[in-house]
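Engineer: One structure coming up, written as structure tokens, with questions to follow.
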Amino acid sequence: MSQLVLILGDQLSPSIAALDGVDKKQDTIVLCEVMAEASYVGHHKKKIAFIFSAMRHFAEELRGEGYRVRYTRIDDADNAGSFTGEVKRAIDDLTPSRICVTEPGEWRVRSEMDGFAGAFGIQVDIRSDRRFLSSHGEFRNWAAGRKSLTMEYFYREMRRKTGLLMNGEQPVGGRWNFDAENRQPARPDLLRPKHPVFAPDKITKEVIDTVERLFPDNFGKLENFGFAVTRTDAERALSAFIDDFLCNFGATQDAMLQDDPNLNHSLLSFYINCGLLDALDVCKAAERAYHEGGAPLNAVEGFIRQIIGWREYMRGIYWLAGPDYVDSNFFENDRSLPVFYWTGKTHMNCMAKVITETIENAYAHHIQRLMITGNFALLAGIDPKAVHRWYLEVYADAYEWVELPNVIGMSQFADGGFLGTKPYAASGNYINRMSDYCDTCRYDPKERLGDNACPFNALYWDFLARNREKLKSNHRLAQPYATWARMSEDVRHDLRAKAAAFLRKLD
């Protein structure tokens with residue numbers, strides 16, 4: 001009897017578990033572009049085009065390996081519009097004995113798949129996604145009984161499990177974490193050679209035209225599409241990072257420059273998250289570069305920590321916290337997302353630059369997301385669910401399992417410390433130190449109260465003041481609260497009044 005193997009748009013790996021044991025002569029691989037997935041939020045146009053093009057290329061890759069592939073395009077006349085609808089059509093046409101799929105990355109899709117057996121009356125085999133180092137059960141076991149779920153300790157477990165940068169039971173270099181060496185501020189000499197771009201082929205051009213036709217009002221631009229959409233090109237992007245950028249990645253990973261939004265960042269998250277690259281293979285390539293003298297330890301350790309530390313940890317938190325995690329709102333923030341998050345039109349140069357680049361590229365690196373757009377949303381008291389939705393929509397590497405805990409837990413501290421140890425709140429001083437955005441901004445990061453004062457300054461102190469009862473016991477905020485206490489009552493009043501006046505303009 002034949003089986004139907006469903007592969008999702010973020011599972012584009014030839015080693016995905018659902019392909020185990022496939023009989024190429026009688027089993028059918030199903031890939032489908034469905035409106036339910038393309039429109040549950042208003043995804044960036046480039047995000048939709050990237051995923052659809054990568055899916056179509058993967059289908060061709062599978063056909064080249066001898067698999068039978070059933071592919072449904074978004075604009076096919078008989079497209080049912082959902083995974084359930086497309087699986088039903090395939091079952092009606094092919095009468096398989098069972099359905100096989102690798103577990104999806106999101107609660108929403110998992111709920112849909114859990115209904116397949118009842119809906120179709122045949123066996124459904126949902127397999128664990130072995131692209132990740134830690135299964136849901138393994139993460140639950142690690143988390144059980146711990147007072148706090150500190151990522152650093154989880155990361156060490158992943159180092160031991162993989163053997164990456166290990167000498168027996170000890171970390172290479174005698175330390176687990178070299179983050180203290182990875183905080184160099186922005187300098188003009190950090191400008192790097194451009195990352196590789198990949199010209200759209202015939203398939204990608206067709207996808208771009210389709211996305212522009214079907215999603216004309218979605219966020220973002222389709223011009224200058226340069227994503228890798230094949231495994232071969234994704235591997236070229238990896239090689240370029242290892243050869244040209246990894247050596248300087250560590251020290252400069254927190255820096256921001258107006259003329260080079262990417263600096264030494266890998267730009268590989270798109271390909272890892274959709275399956276074109278394997279996360280462990282990427283880490284091993286970085287480790288080889290260290291052992292061969294091509295990159296220093298602080299750079300390689302920092303890069304590997306992003307993948308087997310933060311990435312794995314965020315997935316674990318997402319499934320541990322459950323589907324209600326999205327409703328977390330520790331600070332009870334309820335302000336709407338400002339219009340300039342969609343347009344980039346604001347006098348705050350850092351916000352304007354990052355959002356404009358997001359519109360154009362469907363990308364910003366992690367410090368831009370955390371300490372510019374995320375920091376502002378936190379300080380301004382934006383509804384965290386609205387912030388989450390924005391990040392999910394605008395970035396091509398954003399899938400809920402990784403984006404949601406990053407936003408709710410890390411960026412907005414909306415879970416009250418379930419994930420992180422303190423809010424990532426900062427004034428204009430941090431932005432000025434780590435970037436050159438302030439050099440051409442109408443606002444002065446060194447001013448707190450004048451007409452040209454950077455809004456981040458008053459907003460920062462107002463955030464601490466209005467949330468004092470919830471944060472005063474956090475020892476990591478003892479210093480800023482001590483500074484606030486030393487200010488005169490008049491200065492404190494004026495800072496809060498300035499913040500209130502600015503926030504009124506947002507409403």
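Cβ from N, Cα, C; glycine included.
Copied straight from Swiss-Prot:
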| type | residues | note |
| --- | --- | --- |
| BINDING | GLY9, ASP10, CYS32, GLU33, VAL34, MET35, ALA36, GLU37, ALA38, SER39, TYR40, GLY105 | 6,7-dimethyl-8-(1-D-ribityl)lumazine binding site |
| BINDING | HIS265, SER266, LEU267, LEU268, SER269, ASN273, TYR363, ALA364, HIS365, HIS366, ASP397, ASN406 | FAD binding site |
| BINDING | CYS350, CYS438, CYS441, CYS454 | [4Fe-4S] cluster binding site |
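Could you tell me the structural context for the features on the list?
Structural biologist: Counting Cβ atoms from all protein chains shown, CYS32 (6,7-dimethyl-8-(1-D-ribityl)lumazine binding site) has 26 others lying within 10 Å of its own Cβ. Under DSSP, CYS32 (6,7-dimethyl-8-(1-D-ribityl)lumazine binding site) is assigned to a strand (E or B) in the three-state scheme.
DSSP assigns LEU267 (FAD binding site) to coil in the three-state reduction, placing it in neither a helix nor a strand.
There are 20 other Cβ atoms within 10 Å of the Cβ belonging to CYS438 ([4Fe-4S] cluster binding site).
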Engineer: With an 8 Å cut-off on Cβ distance to the CYS350, CYS438, CYS441, CYS454 Cβ center, who else from the chain surrounds the [4Fe-4S] cluster site?
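Structural biologist: Other same-chain residues near the [4Fe-4S] cluster site: MET348, ASN349, GLY428, ILE431, ASN432, TYR437, TYR443, ASP444, PRO445, PHE456.
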Engineer: Taking only the binding-site residues CYS32, CYS350, CYS438, CYS441, CYS454, which one has a CA atom nearest to the CA atom of LEU267 (FAD binding site)?
Structural biologist: CYS350
Engineer: Have a look at the binding-site residues SER269, CYS350, HIS365, ASP397, CYS454 and say which one has the shortest Cα distance to GLY9 (6,7-dimethyl-8-(1-D-ribityl)lumazine binding site).
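Structural biologist: Comparing Cα positions, the closest of these binding-site residues turns out to be ASP397.
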Engineer: Taking Cα atoms as reference points, rank the binding-site residues HIS265, CYS350, TYR363, HIS365 by distance from ALA36 (6,7-dimethyl-8-(1-D-ribityl)lumazine binding site) and give the first.
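Structural biologist: So, spelling it out, the nearest of the binding-site residues is TYR363.
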